[in-house]
């Protein structure tokens, strides 16, 4: 039975950095060659990064990308990878428009070139804006074995390109992917890939990106599945990795050219010599997927780390309030960048409790990060006196939050730190934050984490530390005390908001589920609370628009995932008789 | 020769406000009936407003919209419009998904219902995200005359639905539209509509929305074109209007059902009785399009007015710096809302020149708006002293801008004004603004106006005032003095930026034209300036993301029209040998 050694290069590309990404391809292809692989599969748009967004429409960028493929073909030969068949993803462009493309490189040449057929245009994806769809399938014959390819969304289609490859008859299907992380998505991928492998009647190699790109994070989790649907190898999540798998390919060189399921299959033969005998490696690793909490934590860490590093920052700063949101942000930042890159600032006002100061200091002590205290009373007083704000309520409360935001931006100007906004998804949903106050920042690490989930993650992270015999990073008091913005004496979040478990339940239905008033009533929430929450969410849209980006972890994150008008006369429930 | 009286109801709907929009339909249909019209054509999605964005995906909203159509059919009969054939636009939804739909109402019934065939997914449009495409064409026979319909983008297609209607044979085509304003677009619309009328071999009625919706403004400019391409009527721009046109329809009731150009044509006959004789009205008005300056000014005024009013604000506030940007913003706001709704604030710092204070006061005097002075020296000093900012450059400069932003937000909290950001497109492009400083605001009226264009508009507005014998609103000194942010002694914009005419030329090529480095060199700009400008533009992406929305007037506005990653390693020109 013919065998082939396949490597999956799960790399962390940077959008737009063609030179840096090309170097990654050379480095990882060399590793694959050294591991004796015959084929290496990089992820979707591995050479350009993903998503390139409207850079897809920039002609010079498409030219640069095509050129980078040709240059890379040559460089791979120089690097000793001339006999390695290299699949990679890049941006192409022809008379029809830009293309989400994959190329097969071998012996210094482009031996196959294919465009993505199915272009997702929902959720965070705007691919029908960016790309034109492909119509052809390129099969490459190597050592007498026929290898077909499909790109990402193409495998989500019943009766699509994979079916066509199955009809044409191939020995192996490779699938470069750029599938952003969201909670529970990996539960869907494996059965899907298994189904497609069965349809192709051939093993399927699913190679996914890792790393953060603005609000998206890619989790890797690359897999190889046999023709019978059996899992043959699985890479770890959230780290660059070369997964090497020896495949038994039962058939051997039987594909046909022509039209299958309405698609054109083309062929290119590199050689029909059987694979020279080689020593089979041990079973490929099948990494266990992370637990739900570990997975989310990793997503948040990698999303933050890559935003900071890919944008040339070395350190972050933000307010240490003593509360849970800043505490978890600090723990994430320390995990992402090291404690030495974290600059916490306590900014007590007249209304700050003693425990908020001591909890903030305790957080810094546990993490071992930088910490300073800048009281804001003098700054606040000038405004309060000049504008006569005493007793004005909201105006006086917001001033404190805004003085703090301004102070952090000043420290950023002085020392080059990136400012982080520490708001969570619940706050962002109901607008429980001060625009230009606690909302300032270049990145918002937990903006897609509901408040109740913040607490769960904090408890999980502390427990992990205890398991490892380390100091739990988050002060217990920050987890257990009732949340407060401390903008007036004795203030509690629950003065203005429903209890967080109830609030998050409603938000889960209204924001994630896009459900209407009747559905919410049917779910058992009371009418008054539904009204109140829905109105808060709808009215906060203008604040969300100006909020920094942050890592998406849920099915529907605020931002390009949920595009609603600011000017919006629709109110759920107004239609009741 | 059969005649028909057609009315085009160019209305200003509000997104989501089904009840308010339905009332508009009743009011304007009644006007059309009173004018003796047989048919009235409302714009695309006139009942829901446009664009509804992801509200299209909300099932309850689609249900509400369908219900509103049925209710409206009944109400129109009660309002005495039972024998008026009413075309309107709304959101529909069926098993395939949401639909951009139009309905024909007559005698209390829905007598035709059609979905948009061509869904634009470029520029500001995400219609392939929101809608599924239609496949059928509904022809309604009224008084023995066959009327077909198409929706907006459908008329931009060669060989599309209009061709099919032409083959089926119709006497008239109605086209509800929601075509957002951009400079010079009306030069394209008329020849296009004329070409389609020729293809349909029938007159074409193009009814467009007016009014502002977030960053878009619709200019109306509804037109009626004869089968020979001749312009038969044209509504004014930027105001609600009922355009009534008597049409001679040479043929009469000759359409066929079946498949044409791959589309299914269905028919419904309301009556074959010829139109009763009626007295022909005088020629329909053919309004002259506005001059380029007047058109842009109107777009900015209407965009600002509708954002303010549709979001429930009554007044606006912003800094009066004495410079041209705040002066033109003030003139726009006074034109949009009346001077009594404008609250100017002079916020001098230690570096403010005498002329900036006096020019600000002069602006307020000319407009007759509210005006107060709030020195920021004390506020700035607390920061400078506590954080030791003296001599730190950027940090010290930004503090002044941020203290001002905070001050405006406080006045907004106290008095309920909407804060306006006064930045122009040039500033926004190169990042020449302080985030959370002069960038604060809920709306940015001139964010899509290049700096050189700001000056042109200011001169034009003053000249218009002079023509009308009014006081020119903008102080001459604000137009003629060299621009300065006045954040340090003697500072001029040209210390940090190329001269504005040169800068705007480069930006026009790089931002509007999406051109690359070689193109810019070929256009005659020098390499160093290109490098400098491109880098400034690319690096300012994070600031633009957090900037308030503002009215789009150009081909490519910042925002959903130009979607680039923040994390972006691509730099034009880096590819040079």
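Every residue, even glycine, has its Cβ placed from backbone N, Cα and C.
Source: prediction; values computed, not measured.
Binding of ATP is annotated in TrEMBL for B:319, B:320, B:321, B:322, B:323, B:324, B:325, B:326; the matching candidate from B:264, B:392, B:410, B:422 at the same site is B:422.
Your range for region 'Disordered', going by TrEMBL and the list B:349-377, B:436-464, B:465-493, is B:465-493.
Excluding the listed site residues B:398, B:427, B:543, the same chain places B:401, B:423, B:431, B:432, B:433, B:434, B:435, B:437, B:438, B:439, B:540 with Cβ atoms within 8 Å of the centre of the deamido-NAD(+) site Cβ atoms. Under the DSSP three-state reduction, residue B:319 (ATP binding site) is assigned to strand.
Listed in sequence order, the recorded positions near residue B:179 (L-glutamine binding site) (C-alpha within 10 Å of its C-alpha) are B:44, B:152, out of B:44, B:116, B:152, B:319, B:323, B:422. Neighbour counts were taken as the number of other C-beta atoms within 10 angstroms of each residue's C-beta; across the recorded positions B:116, B:543, the minimum falls on B:543. Less than 8 angstroms from a Cβ of chain A: among the binding-site residues B:122, B:179, B:185, B:319, B:398, that describes B:122, B:398. Max Cα-Cα distance over the annotated L-glutamine binders (B:122, B:179, B:185) is 16 Å. The separation of residue B:44 (active site, proton acceptor) from residue B:398 (deamido-NAD(+) binding site), Cα to Cα, is 45 Å.
Cα distances from residue B:323 (ATP binding site) to the recorded positions B:44, B:116, B:122, B:152, B:427 are smallest for B:427. The subset of binding-site residues (B:185, B:319, B:427) lying with their Cα within 10 Å of the Cα of residue B:152 (active site, nucleophile) is empty, i.e. none.
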